[in-house]
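Engineer: Provided herewith is a single structure, encoded as structure tokens, for subsequent inquiry.
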Amino acid sequence: MASSAQTPAAGESGGPDGGLLAEGGEAFGDRSLSQGLSVLVGLALCVTMLGLGCAVELGQLGQQLRRPVGLLLALLGQFVAMPLLAFLLALVFALNEVAAVAVLLCGCCPGGNLSNLMSVLVDGDMNLSIIMTASSTLLALFLMPLCLWVYSRHWINTAVVQMLPLGAVSLTLGSTLLPIGLGVLIRYRHPRAADLLVKV
């Protein structure tokens, strides 16, 4: 009876701390896999944004900026309609403080790069899509704190600036503007190379 009580349970290592080493090895492997996938996704995103930039004509960008009706409508929807809708949904469903602020964060965050890919797939206006993504991401650095300050006071009275994903927004801005700007430059200087990158 005594010997059976001292026998290691099934699945445990007979050596000291064997189970801990196994668990640590699995955690290390999971962390390495996650980091590798993050790097791969980041590289794929940069290549995709480069290709989208190669599909943009510099002259057409100027036309969009001279007639900014579509851009203004998009910004009104992004920073007026969406935060207000998130606020109303949080009130209607009587969310608690944490859930309500989470919904507000989602409503105040700018659109990501996926909208550009959707524009390509549906043969949309790439010039307008890229201008909208870049401008909304840039303005989010200033308008997200303002929107959260206006709408979150119903639930919390503390400052929410520390809760803002400003690092993620800045990273998105860099990963959007730099590859797209390089793609626009390639289209301007080397149109044939730009056509090849668009196909890739």
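Positions of Cβ are set from backbone N, Cα and C atoms, glycine also.
Remember, TrEMBL labels are computer predictions, not curated facts.
What you are looking at is a predicted structure, and each value in this text was computed from that prediction instead of being measured.
Relevant sequence annotations retrieved from TrEMBL are reproduced here:
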TRANSMEM  37-59  transmembrane segment
TRANSMEM  71-93  transmembrane segment
TRANSMEM  99-118  transmembrane segment
TRANSMEM  130-151  transmembrane segment
TRANSMEM  163-186  transmembrane segment
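Map the listed features onto the structure and describe their local environment.
Structural biologist: Beyond the transmembrane segment (37-59), the same-chain residues lying 6 or more positions past its ends with a Cβ under 8 Å from any Cβ of the stretch are 113, 116-117, 120, 126-127, 130, 175-176, 178-184, 186-188, 193-195, 197-198, 200.
Residues 64-65, 99-100, 103-104, 106-108, 110-111, 128, 131-132, 135-136, 139-140, 143, 147, 150-151, 154-155 of the same chain sit 6 or more residues outside the transmembrane segment (71-93) yet have a Cβ under 8 Å from a Cβ within it.
Listed by sequence, the residues of this chain that lie at least six past the ends of the transmembrane segment (99-118) yet keep a Cβ under 8 A from its Cβ atoms are 45, 48-49, 52, 78-79, 82-83, 85-87, 89-90, 124, 126, 129-130, 132-133, 136-137, 139-140, 143-144, 147-148, 151-152, 154-156, 160, 163-165, 169, 172, 175-176.
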